[in-house]
Structures are given as C-alpha cells and as structure tokens.
Amino acid sequence: MKQRVAFIGLGNMGGPMAANLLSAGFAVSVFDLSDEACKVLAGKGASVAESAKAAADSVDFLITMLPAGKHVAGLYLGDDGLLSMLDASTTVLDCSTIDAQTAREVGEAAAARDIGFLDAPVSGGVAAAQAGTLAFMCGGDAKVFETAQAVLNAMGRASFHAGPAGAGQVAKACNNMLLAVHMLGTCEALAMGKEHGLDPARLSEIMLASSGRNWSLEVYNPWPDVMEGSPASNNYQPGFMVDLMAKDLGLAMDVAKTAGIDNSMGQLAQTLYEEHQGAGNGARDFSSVLERYRQK
Ligand code: NAD
C-alpha cells in the first residue's frame, strides 16, 4: 500500500515539494488557505482536504511549509492544534524557515505525545523545490531522521541531521547569515575592481582561482552578464528574494543573541539588506544588492 503524506502550505516552495511526493508514488492529501494552490495540486493527483486536521487524519507523514513561526505554532500547538489529534503513527516534518525557539517548542510538545518531529528547513529556492534537489537541515531525534528519509529523498538530494529539535533552524540561520556576508563581500570586491578599470568577468575569474573563491562567485555571480543564467543576468528576477534574506537575517540575529555571540558581520549584513529592501527591492533577487555599490 502507498504511504500517505499530508502536505500543508502549498506556496512557491510547498506546491512543487508536494508535487514531487506525488511523482515519487506517495498518496498525498493537501490543504492550504488558498483554494487556487489546492486546485493546482488536485490537478496533479492530490486529494484536497477541507481543513488541516482532515488532511492530517491517519497519515504516515505530515509536512508543513508555512511562512513563519506564528503560523507553525498556531497550527500545531494548543488544545485545538494538530499535535493534539496525532499519535506515534505519524511522523511530522516542519520544513518552514522559522525561529529556533518555536521549533524547539513544537518539538517538545510532539515528544510529550510520543510523536516523531523534525524541524527540517531547506536550502535551495523554488527551482530546487521544483527539481527535487533541496538540501534539508534537520533537528530532532536521529531515529526520526532515519524514518523521514523516505519523504526527504523524494523532495531533495541531501539531508543532514544537525542535532536535537531546533538544530535544523540554527543551521539554516548560520548558513544564510554567511550567505548574506559573502554575497555582500563579493559585490564590494567586484565594484572596487571595476572602479579601478578591471573587467568584472576577468576579476571574477582571478578570485575564483584564488583565496577569495566562494559560492556567490562560483554559482551566483552578482554582476550582470558575467554568468549565464544567473539572476544578475536576468534583471535580478528571483532566485531568492531580498524579502526572504531580510527575514532570515532577522532569525539569525535571534540565534546570535540567545547564544551571546558577537555577530558584527551578520548585523552589518542585516542593516545593508534592510536598507536595500526599504529602497523598494524586496521582491528582487538578493544579489541585486550589488546596485548599492554601483550607484556610489
Ligand atoms: P509562500 O508565501 O509562497 O507560501 C506559504 C503558503 O502557506 C501559502 O500558500 C499560504 O496560503 C499557506 N498558509 C499560510 N498559513 C496557512 C495555514 N494556517 N494553513 C494552511 N496554509 C497556510 O511561501 P514560500 O516561498 O513557499 O516559503 C515557505 C517557507 O519556505 C518560508 O518559511 C520561507 O522562508 C521558506 N523558504 C523559501 C524559499 C524561497 O525561495 N521561496 C527558500 C527556502 C526557504
């Protein structure tokens, strides 16, 4: 018999993730506040439920992909929350990017009912969700991580067990803070070279073969027309939106604060990204922050 999965939150990411579960042969029941989003999945073979509870009834896996911590807490916790109706036969994965504290609270509430729970935020944007090549950073029990491989493999190409509940969100916050910092550093270096008459493509080639090499240079060059297919070469169509980077930097600030870490680099990145967002660039790709340096 097919394993049953409930998928709640069928937005830009959740929609294609649920579609990949259908392609992999799972029986998928879906729910979203948007009827439109549900209809798209119905067209691919999912059964549309009338509520989150109806979707999650008697499933092997329950997966959520929601905007923020308040949506996740609202759905799972409390007397009327989803955890109150589930038991150990369902494994729960929250793939949303949320604050680590909420992820820990949901993880603890699930453990109290003997329900396996993973916070499993993803790296890779909409294109990776569509292609089934996401990377999952998971927090929770190691046995639950093993059980979840069946669904993780259908949606991604890599999954990592980072530690106990909340550790997946901490890993995601660390990664995206570093991404913001090396993207800004890459933009700064390219703009500096250009002002001195260097060709950004040649400078990129030099730094790629030298110790400045990093992911932003390697696969996501922020200078227009240096790299075919990059958001920069496509008028900064996302990609990964500035709004989402600003959100993730906010989460990273909380992670740094609760750890008592001096994250001056992350704080500066947050200031620069929030300025860029405030200038009307929220819906553009995060590499568009290069323009800040070109408009000097
Ligand atoms: P989105 O806004 O496109 O989708 C969210 C969906 O959740 C919407 O369809 C909304 O109707 C639904 N929803 C909200 N509350 C609900 C509820 N209570 N019950 C049922 N449905 C509900 O967002 P997205 O881009 O798909 O992102 C989802 C998560 O993935 C976010 O946490 C985001 O930070 C993270 N993420 C996004 C990207 C990206 O590139 N878009 C990349 C990595 C991680």
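The backbone N, Cα and C atoms fix where each Cβ goes, and this holds for glycine too.
These features come from TrEMBL:
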type: ACT_SITE; residues: Lys172; note: active site
type: DOMAIN; residues: 4-162; note: domain '6-phosphogluconate dehydrogenase NADP-binding'
type: DOMAIN; residues: 166-291; note: domain '3-hydroxyisobutyrate dehydrogenase-like NAD-binding'
type: SIGNAL; residues: 1-18; note: signal peptide
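Its Cβ placed at the centre, the residue listed as 'active site' has 28 other Cβ atoms within 10 Å.
Across the domain '3-hydroxyisobutyrate dehydrogenase-like NAD-binding' (166-291), DSSP assigns 89 helix, 2 strand, 35 coil.
Per-residue confidence over the domain '3-hydroxyisobutyrate dehydrogenase-like NAD-binding' (166-291) averages 97 (mean pLDDT, predicted model).
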